[in-house]
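Annotated features, as they stand in Swiss-Prot:
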- G50, W52, D69, D85, D108: S-adenosyl-L-methionine binding site (BINDING)
- K148: active site, proton acceptor (ACT_SITE)
- 195-253: domain 'TRAM' (DOMAIN)
Amino acid sequence: MPAKKRDHYYNKAKQMGYRSRASFKLQFINKKHHIIKKGDTVVDLGAAPGGWLQVAKELNGGGKVIGVDLQRIEPIEGVETIKGDMTSPETQARIFEIVDEVDTVICDAAPNLSGNWALDHARSIDLATVALDVATKLLKKGGNFVVKVFQGDLYENYVKEVGKRFSYATTYKSQASRQQSAEIYVIGKGFLTTSLRKGDVVDVTIDAMGKTGDGIAHVDDFVVFVKGGSVGDKLKIKITDVKPSFAFADIVEKEK
């Protein structure tokens, strides 16, 4: 990124009272991907110094915002902060003492850089993996997730892992990031609480009909719409798409 552009975001952050130029990155992410809505409960992992907390509070319009970090975060009006390890069950319990459920988990944390690119990339993916695991413990069904990673040979597999746990996964390079920076944001939308995944083959019995004519089956109380199914059919089906509250499937084999 040219120095002039870099200084633009740095100076703008100072003028607007943001603690970090990274505040603009979350604004750009949300403008395009709508991960935070009015009234949402947001948890920021690795939140110090608090630039993303400030923006999250603006975006969620009165919803709760909680920041977690090993470092102390200077107070922000309307924001709860927890000094603790995000992986600790005690820290996670403290979050649930404040809120019943979490709509969005965000993480702009980065590892301490060594100057060894391969090592820094691996540490970045490891940190993002920890954030993903914590997010799956906090998020409600249909919740959203965004995390920063450094691109490298482990990057694509990480994006795939996010895709397994959310109904939609994508990546975003913020215009507020330095042009030469390898940082990129991985976004997951529609957190999946079911164990079903696209491509799974399962045996079901159609027990109802949907309004559009698809058969309805239940797998561990999760609704699956089966194209061409009729009530009473015993079928082997293949999952074609999974949403937070239901899935779609095609018939592989019908029991005779």
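A Cβ is built for glycine as well, from the same backbone N, Cα and C atoms used for every other residue.
Under a cutoff of 8 A between CB atoms, and with a sequence separation of 6+ in the same chain, the neighbours of D85 (S-adenosyl-L-methionine binding site) are L70, T91. Note: the CA-CA distance between D69 (S-adenosyl-L-methionine binding site) and K148 (active site, proton acceptor) rounds to 16 Å. Among the binding-site residues G50, W52, D108, the ones whose Cα is located within 10 Å of the Cα of the residue listed as 'active site, proton acceptor' are D108. Residue environment of K148 (active site, proton acceptor) contains 22 other Cβ atoms, counted within 10 Å of its Cβ in all protein chains. In the shown protein chains, 22 other C-beta atoms lie within 10 A of the C-beta of D108 (S-adenosyl-L-methionine binding site). Annotation note: W52 (S-adenosyl-L-methionine binding site) sits in a helical segment as assigned by DSSP. Secondary structure from DSSP puts K148 (active site, proton acceptor) in a beta strand.
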